[in-house]
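Written below as structure tokens is the structure these notes are about.
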Amino acid sequence: MINMIFLGPPGAGKGTQSAYIIRDYGLVQISTGDLLRQAVKDQTPLGKEAKMYMDAGQLVPDALIIGLMKDRLASPDCAEGVIFDGFPRTIAQAEALDSMLKNDLKTEITQIISLNVADELLVERAVGRRSCPKDGKVYHIKYNPPKVGGVCDLCGGTLTHRDDDREETIKNRLKVYHETTSLLKGYYADSGRFYEVDGEGNPDGVYEKIKGILG
Ligand code: AP5
């Protein structure tokens, strides 16, 4: 069974590559960013608290995120294998994940894949990202444009630009990544399950490398 973590800065392609893996491996993707955006949209207490951190490009506090993940992992669909996308982002979250998997699900992380992309490219990727609020499909105005500008190929819905994809916010998100989340590379380095992948080629080429790791 595969339980993998996607580590990587904002815009590295974690969501894009997760879609390929879901298609081929049938895993469940848990994106804490997507769960938080849904909570913001639904105006839940968590969403109201998380919004100010997200809009500023800061991390949402560990206690809130760990509680969110514990609830999500209790769902039976997680038993078939999970892609953790954007979680963990701190050492405290990584330790909590290890403990939840071991004690609650009697399983463990099988691969940690870190996608590496230069900061200049990441800003361009995030500024140009558009997504469909109905089916979640992600586009890029230059690298992966929809057939008709601003319209989802799959459902015909109007594409949106994420609030935190403004250039200034992205720069804050990158700063947080380098100061905090990248420390997780050290946390996992000696696990024997940690892989670094160059995320700068085209998405299909990046996926070939990931498939080589997942087997
Ligand atoms: P989150 O939603 O997790 O955002 P992120 O990690 O910053 O990652 P992104 O979704 O921006 O990028 P991605 O790597 O998925 O890239 P994508 O595939 O879309 O988090 C948002 C916020 O929520 C955080 O700032 C924080 O506040 C909060 N949060 C979330 N989790 C948290 C946690 N665990 N703890 C605390 N706070 C948390 O690709 C980007 C663009 O590039 C797309 O347009 C795509 O088409 C294009 N693209 C992708 N791959 C390629 C390629 N190979 N070549 C060219 N273009 C490409």
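Glycine is no exception: its Cβ is also placed from the backbone N, Cα and C atoms.
Feature annotations, reproduced from TrEMBL:
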BINDING   G11, A12, G13, K14, G15, T16, R129, V138, Y139, G201  ATP binding site
REGION    31-60  region 'NMP'
BINDING   T32, R37, Q58, L59, V60, G86, F87, P88, R89, Q93, R162, R173  AMP binding site
REGION    128-165  region 'LID'
DOMAIN    129-164  domain 'Adenylate kinase active site lid'
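Here the domain 'Adenylate kinase active site lid' (129-164) has a mean pLDDT of 94 out of 100.
Here the binding-site residues are G11, G13, G15, and the one with the most other Cβ atoms within 10 Å of its Cβ is G11.
According to DSSP, T32 (AMP binding site) is assigned to a helical segment.
Each residue contributes its Cα atom, and for G11 (ATP binding site) and R162 (AMP binding site) those atoms are 12 Å apart.
In three-state terms derived from DSSP, G15 (ATP binding site) belongs to a helical segment. For the pair formed by G13 (ATP binding site) and R162 (AMP binding site), distance between Cα atoms is given as 15 Å, rounded to the nearest Å.
Here Y139 (ATP binding site) is compared against the binding-site residues T32, V60, F87, and the shortest C-alpha distance is to T32. The two recorded residues, R129 (ATP binding site) and R162 (AMP binding site), have Cα atoms 8 Å apart.
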